[in-house]
Amino acid sequence: RICYNHQSNTPATTKSCVENSCYKSIWADHRGTIIKRGCGCPRVKSKIKCCKSDNCNL
């Protein structure tokens, strides 16, 4: 699987992953809205969206 693995306002980068899914997590704190992307589907994070196709977590 190929997933995006960059955060918020950093340039888009991708990674070839062993996992069969990608995730995108969005949350807000005193720094503003933070978006994190990566491989797999970590269930410990809140407000996470998982998907199962290449480049699906932009």
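Keep in mind that glycine also has a Cβ here, set from the backbone N, Cα and C atoms.
Positions annotated as disulfide bond by Swiss-Prot: CYS3-CYS22 (among others). Other Cβ atoms within 10 Å of the Cβ of CYS22 (disulfide bond) number 28 in total over all chains.
The Cβ of CYS17 (disulfide bond) has 16 other Cβ atoms within 10 Å, all protein chains considered. Taken from Swiss-Prot, the feature disulfide bond applies to CYS17-CYS39 (among others), supported by similarity to another entry.
Swiss-Prot lists CYS41-CYS50 (among others) with the feature disulfide bond. A coil conformation is recorded for CYS41 (disulfide bond) in the three-state DSSP classification, outside any helix or strand. Counting only residues at least six positions away in the same chain, the Cβ atoms of GLU19, SER21, CYS22, TYR23, ILE48, CYS50 sit under 8 Å from the Cβ of CYS41 (disulfide bond).
Among the features that Swiss-Prot reports, disulfide bond is placed at CYS51-CYS56 (among others), with the record citing similarity to another entry. Within the same chain, the residues at least 6 positions away from CYS51 (disulfide bond) whose Cβ sits under 8 Å from its Cβ are SER21, CYS22, TYR23, LYS24, ASN57, listed in sequence order.
Put simply, of the disulfide-bonded residues CYS3, CYS17, CYS39, the one whose Cα is nearest the Cα of CYS56 (disulfide bond) is CYS3.
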